[in-house]
Amino acid sequence: LDRDAQRLRDLGYKQEFKREISLFVQAGFSFSTMAVLPNWLVGFGGCLSAGGPSSLFWGWVVVVPFVACIGLSMAEVISAYPLAGGIYSWCYMLSNKKWAPFMAWISGYLYLTGLITANMTLAWSATDFIYGIANLYLETQITSQGAFVGLYCGMFVLATGYNCLGMKFSTYLNKFMVFWVFIGTIIVVITVPVMAPTHTSAKWVFTEFMNGTGYDNLGLVFFLGLLQAGWTLVGYECGAQIVEGTKNAEVAAPRGIILCIGSAIVQGFVLIIAVLFSIQDVDELLESPMPIATFFLRSTSKPLTAFFLVILLVAQFGSLCNSILATGHLFWALARDGCVPFHRSLYQLSDNHIPVRALILQMAISIIVIMPSFGTMIYWKAIMSTAVICINISYGLPLVCRLIWTRKDMPKGPFNLHGWSIPLNILSVFWILFFGVILCVPSYHPVEAETMNWASLMIGAVSIFALCFWFISGRKNYKGPV
C-alpha cells in the first residue's frame, strides 16, 4: 500500500477511489465551489438595506478573521483525518465512544441538508442569470415560474450528468474554472469602474449607513448585513469530500483549504470595492427584481451586461457541479457507514469510481423539494436561509466535539496549529454560535408571513426526522464510521 492507502486503512477503511487529484485541483475545487464572484454579486443589492455600503464592506472585514479561524481549524482536522464525509466523519473521530455515533448521525443529516439546499440555491441563481440575459433583449419580460423551474431542473440534470462522467472530467472542469474565475474577476473589477458614468465617494463607500429593515436597533441592522459575507464565505470545506481521491491527502487537503480561503478573501475585497465605487442609483437597485443586472446596465452597457452575466453564469454552474459532487460523496460516505436508508444500494460505485446512485438521488431530492415554490416565493427564501444556517452550524459541530472529548488527544497530522489550536477552536465555536443566532433573525420588521425567516422551521423538521430515525433505527443498528 502507498502512504495514502495505508493512512486510510489505519482509520478503518479501504482505498476505493482512484488517487488522481493534485493540490492545484484540490484547492481549485473548493475555490470554485465558493464562487465568490457570482455569489457575492447575487445578493449585494438586496443587502444594501441592511446597513448600506459601509455594512457590506465592514461586514466582510468582520467576518473574514472568523472564517480564517474556522478554515485553519478544519485544515488541522482534515490533516489528521483525511476521510470522505468531512464534517460527518470528523464528528465521529473527535467524540468519545458513547457519543460518537449520535454526533456523527446528527451532523451527517444536518450537513447533508445544508449541501442539498446550497445546491438548490446555486441552481436557482444560475437560472436567474439566464433569465437576466434573456430579459435584457426582450420587450415582454419573461416571468413564468414554470419556465424558471424547468430551467432549474435542467441545470441539475446537466451538472449531475457531467459529474457522472468521472473524476477526471471534474479535474478538467476545476482547472478551467480557476482561470475562468480569475480572468472574469479581473475583467469585472477593471471594466465596471472604468466605464461607470459616475463614481461614489470614499466617504459614502466606507461610512454611509442605510437602514431599510424596519428595525430601530442599528447594531442589529449591521449584524443582518453580515449575512452577505456569511453566505459568500462558505464551501471551502467541500474539498474534504474528495479527499480520498487526492494524492498526498494529509498535506494537499489542508493546503487546499488554506489556499482557497486566502484567494477568496482577496478576491472579495477587490470585488466589493470595485462594485461599491461604481453604484449609480441605490434606490433603483433596492427596487429591482434583479439588482446585479441593473447594476451592470447602469454602470456599463447592455452588451457588456449580457457578457458579465455569462461570466457569472459559467462560474455559478461550475460551483453547482462541484457542490453536487461533494453532496454525492457525502451521501456515499453516509451509505458506507449505514447512516441513510437504502445504504447498501447507495454505497455502490460505478466502473469509473463515481457514486452515480448517490448523485442521482440528490438530484431527485432537489427537484422534488423545489416544487412548493409554485405556491409561494416565501418557500424559496426559506431554502436559501436553510443552506446558510445548516452549513455554518455544521462547521461548528466537529470543533465542539474536539473541545469536549479529544481536546488533547487528537492525533497530529502533517499540518497542525500547535499552541494556537485550542484557542482558534474556541473562537470558531463562539463565532458560529453567535452567527447562527443572527442567521435566524427575520431580515425585516414588522415580521409578517412574507418577511418571516422560515429556515428555523425547515431545520427543525430535518432535526426531528433525524432524531426519530435515530431512535427507531440508528441507536440500534448504526455504529458510526468503523
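From the backbone N, Cα and C atoms, a Cβ is placed for every residue, glycine too.
Listed in TrEMBL for this protein:
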type     : residues : note
TRANSMEM : 21-42    : transmembrane segment
TRANSMEM : 57-81    : transmembrane segment
TRANSMEM : 102-126  : transmembrane segment
TRANSMEM : 146-165  : transmembrane segment
TRANSMEM : 177-198  : transmembrane segment
TRANSMEM : 218-236  : transmembrane segment
TRANSMEM : 257-279  : transmembrane segment
TRANSMEM : 306-335  : transmembrane segment
TRANSMEM : 356-380  : transmembrane segment
TRANSMEM : 386-405  : transmembrane segment
TRANSMEM : 426-445  : transmembrane segment
TRANSMEM : 451-472  : transmembrane segment
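Ranked by number of Cβ pairs under 8 Å to the transmembrane segment (218-236), the listed stretches 57-81, 102-126, 356-380, 426-445 are led by 57-81. Using a cut-off of 8 Å between Cβ atoms, the transmembrane segment (306-335) and the transmembrane segment (426-445) share fewer than three residue pairs, counting only pairs 6 or more apart in sequence. Residues of the same chain lying 6 or more positions beyond the ends of the transmembrane segment (146-165) and with a Cβ under 8 Å from any Cβ of it are 119, 123-124, 126-127, 130-131, 173, 317, 320-321, 324-325, 328, 350, 352, 354, 356, 359-360, 362-363, 366-367, 370-371, 373-374. Counting only same-chain residues 6+ beyond the ends of the transmembrane segment (57-81), those with a CB under 8 A from a CB of the stretch are 11, 51, 89-90, 93-94, 205-206, 222, 225-226, 228-230, 233, 236-237, 240, 243, 250-251, 253-255, 257-258, 260-261, 265, 268-269, 272-273, 276, 395, 398-399, 402, 410-417, 420-421, 424-425, 427-428, 431-432, 435. Beyond its flanks by at least six residues, the transmembrane segment (451-472) meets 102, 105-106, 109-110, 113, 378-379, 381-383, 385-386, 388-390, 439-445, 478 of its own chain at Cβ-Cβ distances under 8 Å. Between the transmembrane segment (21-42) and the transmembrane segment (386-405) there are fewer than 3 Cβ pairs closer than 8 Å, counting only pairs 6 or more residues apart in sequence, which means the two stretches are not in contact. Taking every listed stretch (102-126, 257-279, 356-380) in turn, the largest tally of C-beta pairs under 8 A with the transmembrane segment (386-405) is reached by 102-126.
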